Amino acid sequence: MTDAAAVIERVRQRVDPTPAERRALAAAASRLTERAEAAIAELPVAADVVQVGSTARGTWVAGDRDIDLFVRFPSDLPREQLETYGTTVGAAVLPDGHEEYAEHPYVTGTFEGYAVDLVPCYDVAAATEIKSAVDRTPFHTTYLQEHLDDGLAADVRLCKQFLKGIGVYGSDLRTQGFSGYLCELLVVEYGGFEAMLAAIEDWQPPVVIDPAAHQQASFDDPLVVVDPTDPERNVAAVVSAANVATVQHHARRFRATPSEDAFTPASPAPLDAAALRSHIDRRDTTPLAVVLDAPDVVADQLYPQLYRSRDGVVRGLREHGFDVVRAAAWADERAVVFVELASAELPAVERHVGPPVSVGTHAERFYETYADDDGVYGPFVDDDGRYVVERDRDVRTAGGFARTELGTVALGARIESRVASGDYDVYVGDAVVEALLPEFESELAAYVDPKA
């Protein structure tokens, strides 16, 4: 047995559900289905129940306790009635559950220790005819039930655990990683987990995988996996370029040096105030934090706005002459844009380079603009033959920028409204430590010890 095979066998023992787990889940799903069918029988419309997701396809990892049931209603049913009937069935099946809202309401709750979602959808003839995003999910289950055998399903579990171990599992907009469905499609496409790693090692983004050979739509993403049930959809659309590269890095490392560590999420060492101060002192950089109460929106709406705000702040700082080492954005009860700077203060003057003297009218206009300005040094000609002036900076400190200039940079909508009202705080240097700990201890611990 090779080193890789030995490691994989040990991981299989961790991720494969036991026969008892399988029987218990199947029994619970059966009882839930019976409840749903009984509730449907009381409705004035026909509908059926299908189990979807990893537990329906046999690709769930040991310890997962999720059951997803979809109630399919006629495609001509008005949306309002679909929502009403769907939540009626959900309440009957999960009397202690509660409603949540995606594209339309569904009921979530617990049953015999399992987390259960009961979701109404339309019974359409094909995924290309969907009336709501969830309508395509049953087609995913059908497709994979036709293409997965027990061996491939077991390899999907390995794939999921591998991606969890390296921190890129999850299609939420915070993680920007790989969904369970994407894992399944990749394992099917390449014929197994090890073959998938070998293929990933050789990826040259943009990577395009078209399982059903649709060859219809084009996508502008680093990884494209065309949904075999819907040629207009890229299953990997949410996966960031950084996470594509991270998977490649770990695929290469595992194939070179197999280790169970690849399947185990890293746990950063605890970080207290003294350790954070020591890290900052050792790097001789200056941290800056813009902190505000987290907007009351779901994570998939919040994080794109946070990431846009982070990028806008970084771009604004750089445009004002600051050297940004690295930046991040986090949210809990509060939201944070965190920026590490080479220096938090700049010289009183900045160099403003104009056009080459040789370009005539444009150069003359630059010269005349500053020729009689007593507030600048110059204009003079530099060694490259360009006009240059040295002028006073509008903003000399990073803290000053964050307090007065945030309204000029691109921010997420909810962040922008808080900034416009002045409802945010700015911390620079040592003040960041007390402001962010202990609320953001895990995020800061990962930040100070970055790993691919």
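The backbone N, Cα and C atoms fix where each Cβ goes, glycine too.
According to Swiss-Prot, the ATP binding site annotation covers SER54, ARG57, HIS140, LYS160, TYR169. Secondary structure at SER54 (ATP binding site), as computed by DSSP, is helix. Within 10 Å of the Cβ of SER54 (ATP binding site) there are 22 other Cβ atoms, across all protein chains.
Residues annotated as CTP binding site in Swiss-Prot, with sequence analysis given as evidence: SER54, ARG57, HIS140, LYS160, TYR169.
In the shown protein chains, 20 other C-beta atoms lie within 10 A of the C-beta of ASP117 (Mg(2+) binding site). What Swiss-Prot lists as Mg(2+) binding site is ASP66, ASP68, ASP117, and the listing cites sequence analysis.
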Worksheet item: Tell me which residues of the chain lie with their Cβ under 8 angstroms from that of ASP68 (Mg(2+) binding site), as long as they are six or more apart in sequence?
Response: GLN51, VAL52, GLY53, THR55, ALA56, VAL116, ASP117, VAL119
Response to the item:
For ASP66 (Mg(2+) binding site), the closest of the binding-site residues by C-alpha position, picking from SER54, HIS140, LYS160, TYR169, is SER54
Worksheet item: Cβ within 8 Å of the Mg(2+) site's Cβ centroid: which residues qualify beyond ASP66, ASP68, ASP117?
Response: VAL52, GLY53, THR55, ILE67, LEU69, THR108, ALA115, VAL116
Worksheet, complete the sentence: Should one count Cβ atoms within 10 Å of each candidate's Cβ, the binding-site residues LYS160, TYR169 would be headed by LYS160
